[in-house]
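*Asks:* This is the feature table in TrEMBL:
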| type | residues | note |
| --- | --- | --- |
| DOMAIN | 347-480 | domain 'Palmitoyltransferase DHHC' |
| REPEAT | 96-128 | repeat 'ANK' |
| REPEAT | 129-161 | repeat 'ANK' |
| REPEAT | 162-194 | repeat 'ANK' |
| REPEAT | 196-228 | repeat 'ANK' |
| TRANSMEM | 274-294 | transmembrane segment |
| TRANSMEM | 300-323 | transmembrane segment |
| TRANSMEM | 394-419 | transmembrane segment |
| TRANSMEM | 439-465 | transmembrane segment |
Amino acid sequence: MQLRSESYEDSESFDQIQYELFNAVANNELRRLKQIFKDFTCLNLIEIANNQKMENLLHVACQHSSMTVIEMIVEYFEKSPHSQMLKHFINMRNYEGYTCIHLASYTGKLQAVEYLHGKGANLHLSNVAGLTAMHTAAQGDSINVMCYLKINGLSIDEKDQNGRTPIHWAAFQSATNAVSFLLAWGAEFNIQDYDNMMTPLHYAVIDGCIQIVRKLLHAGADKNIKDFENLTAYDHAIQKKREIIGQILSSKPGLAETCNLQIPFEKLRRKKRLLVLFLSLYISTFVGSLLFVIPYVASVELFCAFITISVITILLFFGAWLGNPGYLEHKGKCDEHLFSLLKQVSDPSQICAKCQIIQPKRSKHCDICNKCVKVYDHHCPWINNCVGSNNYKYFYLFVLSIFIQLIFQLIFHGIYFSSTEPVEQYFLTIIEDRQALEILHLITSIYCTAMCSIFLICVGILLCVQTSNLLSGITTSEKYGYKPKKTYQKQIEINSEEERFYANSSSITDSISTTVDHEQSLLQGYSDNQKEGVFTNMVDMCFRNNKNPSYDLQI
């Protein structure tokens, strides 16, 4: 039916106009909407609402339409005889109590939120269940909107009527980025809601999002908190048949985790004990070999060579241990700075929430050092430091030199065991019992040989990996860090029991789909930086990467 340029006189024409308006807005039909507004200049948009959901045009526009449509609706209202009611119109609620700000926050329409806020929208309104715009923004994984709301005074720990905070909703909706940023902002992650007594970890397990479970555990989430049914997060994993999550929650730090060879599923922090252990073993084998073995089996030339390689090893160790691996830091962190960064990127995962920087390609945030590292290779527990663009050459040469030093020591010990010459006389001034002295020599040599053999195997494997990386021009993180595993894919099945359990939970209307953003690939930009020549790769890894402007922090 074609609309005529006249005012409506009966309910039938009013219903037709209302239908045409909602249809045009829902389908983002700019020309059609413009024509309707041109034909009918005195429509009271406050009266025009979807009877089923009690939604006005702005509600629908904030869910389905472009910014242009939202501006057209507001501008039309401002020119109408009801312009003094604009704030009331913008802050109208639908049948669930959601305002247009709630809906725009969920769909991530930052420009709409800013625009409507400037026109009088109240950012602090809650719906009938107590959800604020921060809750809905967290549900929708809308990081830029969350940051804007935070700047304007909304709390990241605001509770709805059921005691759920934004991180509860983000965990249940698989909003990975939202969880990351909320954790970086200091959101309470062990807080329990009122009705179910569940923490965000419980909801993440029920939803089956492994990424969020890992993030919460690494932040320090308590796995032992029980809900109103006396169930822990692990119990829910068993009930929902989340096998991988169950393994994660039931795992306890073993030798690999203790040695930082595998990342534990607990709060991450630097551990000096491995550095102390390494230095203790290294110094004891070095001193034992130097005092009891090497002087008796090595020529002056070999002895000098051994001392030289040992000094070089120690210097390289200090360079790798104390050197800055290439930390990427921004001084003066604040919400306003983070908000400006979010406006510069299309994907929030490009930004490190903790460091508040746009991560350059090949960089990565180290959860142990709690800093982003330029051309990140890995965090080495034995030097208690990250390996990155700035200290990679020291680390590689340290591994190479200690490998050579260990070979020297094993050769010396082999010669010692095959020698039949007596112990040197000057030790008899310290230990007069020759037999006791020979036993001490033997024990020391066996200990040093065993330690050197174990070290040689471990260092040899590490040297092979690092040499392969060096010749290929890639990092350990790039080589092993991005391995898609079927076992770590999100388990998206939600059974009918879960649907009944959450049937009464307040959420945004079903017509809006939830998007699940995955973690940023560690291979971002890597394919553009592979080099053809082996020599070129070596030079890049050791010297050029730390000076490459494309890997620098962009201010």
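Using the three backbone atoms N, Cα and C, a Cβ is placed for every residue, glycine included.
Predicted, not measured: the structure shown is a model, and the values here were computed from it.
Mind running through what each feature is packed against?
*Replies:* If you take every residue in the domain 'Palmitoyltransferase DHHC' (347-480) and average the pLDDT, you get 87.
Distant neighbours of the repeat 'ANK' (96-128): 56, 58-59, 61-63, 67, 70-71, 74, 86-87, 90, 134, 136-137, 139-142, 144-146, 148-149, 152-154, 160, 343, 506, 508-509, 512; these residues of the same chain sit at least 6 beyond its ends, with a Cβ under 8 Å from one of its Cβ atoms.
Sequence-distant contacts of the repeat 'ANK' (129-161) (same chain, six or more residues past either end, CB-CB distance under 8 Å): 96-99, 101-110, 113-114, 117, 123, 167, 169-170, 173, 175-178, 181-182, 185-188, 191, 193-194, 335-336, 338-339, 342-343, 348, 506-508, 512, 514-517.
Long-range neighbours of the repeat 'ANK' (162-194) within the same chain, counting only residues 6 or more positions beyond its ends whose Cβ lies under 8 Å from a Cβ of the stretch, are 129-131, 134-143, 146-147, 150, 156, 200-201, 203-204, 206-207, 209, 211-212, 215-216, 219-222, 225, 227, 348-349, 353-354, 490, 502, 505, 514, 516-519.
Beyond the transmembrane segment (300-323), the same-chain residues lying 6 or more positions past its ends with a Cβ under 8 Å from any Cβ of the stretch are 275, 286, 294, 380, 383-385, 387, 390-391, 394-395, 397-398, 401-402, 404-405, 408-409, 412.
For the transmembrane segment (394-419), the residues of the chain that approach it from at least six positions outside its boundaries are 282, 285-286, 289, 293-294, 296-298, 302, 305-306, 309-310, 312-313, 316-317, 319-320, 323, 377, 380, 383, 387, 445, 448-449, 452-453, 455-456, 459-460, 462-463, 466, 470, 541-542, judged by C-beta separation under 8 angstroms.
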*Asks:* Please indicate, using numbers and ranges, the residues of the same chain that are 6 or more beyond the transmembrane segment (274-294) and have a C-beta under 8 Å from a C-beta there.
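*Replies:* Cβ under 8 Å, 6 or more out: 259-260, 303, 306, 310, 321, 381-384, 402, 409, 412-413, 416, 440-441, 444-445, 447-448, 451-452, 455.
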